[in-house]
Amino acid sequence: MVMGLGPLVLIFVLGLGVTPPTLAQDDSRYKHFLTQHYDAKPFGRNDRYCETMMKRRDLTSPCKDTNTFVHGNKGSIKDVCEDKNGKPYGKNFRISKSSFQVTTCKHVGGSPWPPCRYRATSGSRNIVIACENGLPVHFDESVFQQKAH
C-alpha cells in the first residue's frame, strides 16, 4: 500500500514546484512595473535622485524620456487594482482614489545616450495604472487630485 502511494506523492510534490506560465508572466510584468516605478523610501527627490535612480534601474540606455517613481507601500499601489483604492478610468485603466507621493524624472539635454541628465518634479498625485490579475503592470500617468466643489 505504501509503495502504491509513492508515485502519487512524488507527482504531487513535483506539481507544487511547477508554476503555470501565465502566472510566471503576470508576476514578471508586476516585477518590471516595480523596477521601473516603485521606490518605497526615496532620498532627496531632486535632480540627483532622478539621475541616480534612472541609472540604478537601467533606464538610461538610451535615456528614458520620462519616468515616474511612486513612493509608499506596494500594498497601497496594488489596492488601486481593486475597488479598495481604485476606480475605472478610461478604457483599460484604474485611477487611485487616494493620492501618492511621486517623483517624475524628465530627461533634459540633447543626446539620448549616457550620461543622462534629469529634472525632478515631486508632489502628491493620483496615479493611473493598468492592472492584470489584480497586479499593476503599467504606469500611465499621475494627475492632481480633483477637489469636490
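Any Cβ shown, glycine's included, is placed from N, Cα and C.
When Gln25, Gln101 are looked up in Swiss-Prot, the one carrying the note pyrrolidone carboxylic acid is Gln25; the rest have no such note there, which does not rule it out for them. Per Swiss-Prot, the disulphide partner of Cys50 among Cys63, Cys81, Cys105 is Cys105. Across the residues the record lists as binding tRNA (Arg45, Cys105, Ile127), the two Cα atoms farthest apart are 18 Å from each other. Around the Cβ of Arg45 (tRNA binding site), a 10 Å sphere holds 20 further Cβ atoms from the protein chains shown. Rounded to a whole value, the Cα-Cα separation of His37 (active site, proton acceptor) and His138 (active site, proton donor) is 9 Å. Counting other Cβ atoms within 10 Å of each Cβ, the active-site residues His37, His138 show the lowest value at His138.
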